[in-house]
Amino acid sequence: MTLSRPDRDTCSRDRAGYHRHTGRVVDQDARVDQKKPQHRTFWSRFPHRTVPLAAASLVLLALSVLCFWSRAVAPSDGTVINVGDLAFTGGKVVVQQVRPGSPLRHEDQILEIDGRVLADQARPGALDAEVGEQLTYVVLRDGQRMPVPVMLQPYPVVSALANQWPMVLLISIIVSVALFIYANRPRDPAARASLMIAMTSQFCSAGSGYFKLEALDLVAGTQFWRWYLAQIGFALLWGSILHFALSFPTALASRRRRLWVALAYLGPLLLYLGDVAVRLPWATTALTRWELVGAPVRLLVFVYPALVFVMLVYRYHTCEDTLAKQRLRWLAATLGGASLLYVLLWIAPEVLWGTQPVPRELYPVVFMPAPLALAAAVLRYHALNIEVVVSRSLAYAFLSATVGVGYAAIVSILSTTLPRVNSLWHQAIAAGVAAALTLPLRDRVHAMINQRLFGARQDPYRVVSVLSDRLQGTKTPKETVQAVVETVGQALRLPYAAIELRRGEGSEQVAVFGTPVGLLTRLPLSYQGEVLGDLVVARGPRERFNRKDRAVLTDIARHAGAIVHTARLTTDLARSRAEIVQAREEERRRLLHDLHDGVGPTLAAATLGLQASRRLLITNPPAAKDMLHRLEDDLQNAIGEIRRVANELRPPVLDQLGLVTAVREHANTLAGRLGPLSVEMDLPEELPALPAAVEVAAYRIVCEALTNVARHSKAQRCAVRLGLDGGLTLEIADDGVGLPARYRDGVGLHSMRERAVELGGSCTVESEAGGGTRVLARLPLPEGGS
């Protein structure tokens, strides 16, 4: 990431406002994407490998319809014998429920049906029975055997479905949501697993959820097999749930993923077969054998939930995507909350007191938010706005419950204190007192809800305070800018926040938090009138920021603009320091080469020549004299080379004449050489002592500007002005042809700008309205320097 001001264009938006980083339309300018949509058929969205899934779904749907039909046409004795997912337990057939009007009673143990002893002769389909036929049941009631005549009736399918309306509604929601997920993301493995969960759940409910197992089914008809196949489907349901855990939030990164998915579905069947193989030799009666065979999920319910939990925990800890972890947390929170309510309302009371305060048929109600959480998780976080729906529902339900409990408690206390709280006036007084006392609690709970749902939107200064604390721990400009978007996103509960900096005609994204959802809102980041970039935020797929939200974001963007400006200055400073160090090293290398390649050989040759001259003074004095003359010329050349190097480091004319006189001498010399060019000078008589770096930069800028006038401007007149105005100001203007419409900085213009910027100043080159070119440089002076 870079926060500097490069010349290259890294545009992320085209003219139509289409955001190339996210592919979404920005909200602020109400611009739409102008790209032409690709024409694709509905079926082209589904990959070919989904054919087996579609076939399995159709088979499960057909089996569900078959379960309804077979139950509707078969006779019924009005009993329920299955204990949860077990056909019966303890080798006994005990009546768990009876329909009104049945001669059988709750907890009757059925021994015989129409002469067939269940302990030895239980075999589904062995007896032909029809509606209206009377069968004799032998039961054990209160320790006594007695015959009970039972008239077979048509099974009340409609009544059974009506009694199971929570389960019907839950399954309908699951199937609808799964179809919606799959239609939107048919290539997502988690979507395919969701569809498999839904269709298997529908089959299980149709086979054994809505219609229970009856005593008659152990000896007559095919209803036992209907219930048994549904229990096999229940085992496969746990396989599809484990399949989902292997595929969410992304498919398991393993070459053997398909093998793991296959084992997920085969595992329940292997557990079932293993359980039967181990226990079947110990089953001594027909009834105990059918009890064993009719329990496909006996071990499964202890193994697979733990496997699913371990897999989800493993995927959570190995997932590096923050948004994917949020999706997992929402799914876990919803399922965990529903399971906790199920235990508190049904399981725990039955274990502790033997009763259930809430009818068991209502338990699917607590699991109804789970399909919505599943949809939000698979379709990406916030895709269905599920956070707002679930959070507001739970939060305001908690608020209502809190206020209601407070009201009831206060009214109860008042009723105890004032025994006769029966009249309308007394009740009104009690309600008023209750409302007055619970109002502070309501406000506090409401504040907690707003904090949970909307973060610190109600208190923007809290966001600024949090941001200030966060910035104290940052060390680099990149960390600083990233801290801004993370703080804004987390404190305001936003799914997406980013900062884009202007780069010429485009922009570059330098920090991002979350994933873009829905329409994007852009707020300018500015500092002292300069627009640095945009703070890009999103609230939700179907939510827009209201006026108050925009005011909060605008206030935050104003502070963020100063932070981004500081970060960019820090980056520019670091870059300038690096360039200065590099330039210094390059200058040292150049000096090394100049001295080594120029002066070095000359001095070495002079040394050798002096040694030869000393020998020639004895043998050949005239030759020695000639050699000494040549050595003198060489040393003069070396001295000239050293002076040239020194002049490049700092012009000696500045030390000899000063800046003002040096500029005047150079301008006069240049005007004398060019003839028609007239140079007007507006120079002060003298200047205060200036830093050496400022003097060199000013002199070089003036010389380079006058050289450009002489070479390119075709000017008749040129004006040079120097002045002090909080710093040293240089102005060189001519009446020439001006700058071309399109030009690029050459070495000279780049050098002038670079010399000014190095000192913290500026240098601009522009064409004037009446013709000609104007160079304006401002060089800052230290305090006391002017």
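Placed from the backbone N, Cα and C atoms, the Cβ positions cover glycine too.
On a predicted model such as this, the values are computed, not experimentally measured, just so you know.
According to TrEMBL, the feature compositional bias 'Basic and acidic residues' maps to 1-17.
Sequence annotations record features per position, and here TrEMBL assigns region 'Disordered' to 1-20.
What TrEMBL lists as transmembrane segment is 50-72 (among others).
Long-range contacts of the transmembrane segment (165-183) within the same chain: residues 191-192, 194-195, 197-199, 201-202, 205, 209-210, 361-365, 367-368, 371-372, 374-375, 378-379, each at least 6 residues beyond the stretch ends and with a Cβ under 8 Å from a Cβ of the stretch. Positions annotated as transmembrane segment by TrEMBL: 165-183 (among others).
If you look up TrEMBL, you'll see 195-213 (among others) marked as transmembrane segment. Counting only same-chain residues 6+ beyond the ends of the transmembrane segment (195-213), those with a CB under 8 A from a CB of the stretch are 53, 56-57, 60-61, 63-65, 67-68, 71, 80-82, 85, 87, 97, 155, 157, 160-161, 164, 167-168, 171, 174-175, 177-179, 181-182, 223-224, 226-227, 229-231, 233-234, 236-237, 240-241, 243-244.
Residues or ranges marked as transmembrane segment by TrEMBL: 225-246 (among others). Remote same-chain residues near the transmembrane segment (225-246) are listed as 60, 63, 67, 70-71, 82, 85, 87, 124, 190, 193-194, 196-197, 200-201, 203-204, 206-209, 211-213, 217, 252, 257, 260-261, 264-269, 271-272, 293-297, 300-301, 304-305, 307-308, 311-312, 315 (criterion: CB distance under 8 Å, separation of at least six residues from the stretch ends).
Under the heading transmembrane segment, TrEMBL lists 258-277 (among others). Within the chain carrying the transmembrane segment (258-277), a Cβ under 8 angstroms from the stretch's Cβ atoms is held by residues 232, 235-236, 238-240, 242-243, 246-247, 252, 292-293, 295-300, 303-304, all 6 or more beyond its ends.
TrEMBL lists 297-316 (among others) with the feature transmembrane segment. Remote same-chain residues near the transmembrane segment (297-316) are listed as 85-86, 231, 234-235, 238-239, 241-242, 245-246, 248-249, 252, 267-268, 271-272, 274-275, 325, 328-329, 332 (criterion: CB distance under 8 Å, separation of at least six residues from the stretch ends).
Annotated transmembrane segment per TrEMBL: 328-347 (among others), in sequence order.
Under the heading transmembrane segment, TrEMBL lists 362-382 (among others).
Residues annotated as transmembrane segment in TrEMBL: 394-418 (among others).
The feature domain 'Histidine kinase' is assigned by TrEMBL to 590-783. When pLDDT is averaged over the domain 'Histidine kinase' (590-783), the result is 82.
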